[in-house]
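Below: one structure, written as structure tokens.
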Amino acid sequence: MFCAAAEAARLPGRFKRALPLRARSPSPAPAMRPAFAVGLVFAGCCSNVIFLELLARKHPGCGNIVTFAQFLFIAVEGFLFEADLGRKQPAIPLRYYAIMVTMFFTVSVVNNYALNLNIAMPLHMIFRSGSLIANMILGIIILKKRYSIYKYTSIALVSVGIFICTFMSAKQVTSQSSSSENDGFQAFAWWLLGKYSIGALTFALLMSARMGIFQETLYKQFGKHSKEALFYNHALPLPGFIFLASDIYDHAVLFNKSELYQVPVIGVTVPIMWFYLLMNVITQYVCIRGVFILTTECASLTVTLVVTLRKFVSLIFSIWYFQNPFTLWHWLGTVFVFIGTLMYTEVWNNLGARKSQPHEDKKK
């Protein structure tokens, strides 16, 4: 994988000479951190999807209580270990975090509500894989960026893949409704506009991309403080959950009424929904910690590739374990999405450069 040492290996000769010896030959311990982070991402994020679907299948509207529990856990952990009980001053002014938090909170809530709008978990994951599209579109509009034909092709593949999965899922919803008398296209339009599921996901996708661009500009101005941003992104929105208090309370009552479950090893008996929620929160924390280590140890290409492959593994497991309906058209759309994503990261070009590097070194 292309981490800090690999990036240094591709620097021009004059920069290589300027690097200290340990930068060119990292010790074994730091070299293990990326592998450890990848393990955290796959173990944490993939298992998090499992517990999220277990929660959503029993209570589809439980997104708010799940998000609140995740935010509270990460905020408490950050307050203790990052903010040093409030004694440490933030490196980035709080007014910028307030803007970022507004975007972050909105994206989280809208994504959760999308699960309530008759959308399957696999389709939810596939659609969110279109973040590359949103980032490219906003990058062109806001940052005036220009991209190669290769990357535009990847965007087209991802777009086609998302459309295929969306349209086929809409037809499935139509076929499951015996009272529907509309044809396929009318049902698709009603599902798209009337139930707001795709509109909600599109809004969240664009808002998330805008937040990423805003965060990128902040890091350029104030330096990278990913762990600090993680804390404030989860701590500052907590008062906003007051507006969702009744919904959170209602689902807490429903969780209390769920069947009892004896937790392995410790032998404590709790309502099973609370156990699912606890495991979801823990795995979410493991996932985010893994992504944080990757962003500090590896190039952005590696982070994007790992997260994309994690989504694919989560998708496959969700379909297999939960027996979600998935046709050949869904598979075709999935292939388009992930091939397009890998094309965007230019992983094949970088792998080729990686393989040719030893031959170039021998010639020198």
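We number each residue from 1, going along the chain as drawn.
Any Cβ shown, glycine's included, is placed from N, Cα and C.
Just so you know, TrEMBL annotations are computer predictions that nobody has curated.
Straight from TrEMBL, the features:
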- 31-51: transmembrane segment (TRANSMEM)
- 63-82: transmembrane segment (TRANSMEM)
- 94-114: transmembrane segment (TRANSMEM)
- 126-143: transmembrane segment (TRANSMEM)
- 150-170: transmembrane segment (TRANSMEM)
- 190-209: transmembrane segment (TRANSMEM)
- 230-249: transmembrane segment (TRANSMEM)
- 261-279: transmembrane segment (TRANSMEM)
- 291-322: transmembrane segment (TRANSMEM)
- 328-347: transmembrane segment (TRANSMEM)
- Contact set, same chain, for the transmembrane segment (261-279): CB under 8 Å, 6 or more residues outside the stretch: 47, 51, 54-55, 58-59, 62, 65-66, 69, 254-255
- Among 63-82, 94-114, 150-170, 230-249, point out the range having the most Cβ pairs under 8 angstroms from the transmembrane segment (328-347). 150-170
- Query: Taking the transmembrane segment (230-249) as reference, which of 63-82, 94-114, 150-170 has the most Cβ pairs under 8 angstroms?
  - Reply: 63-82
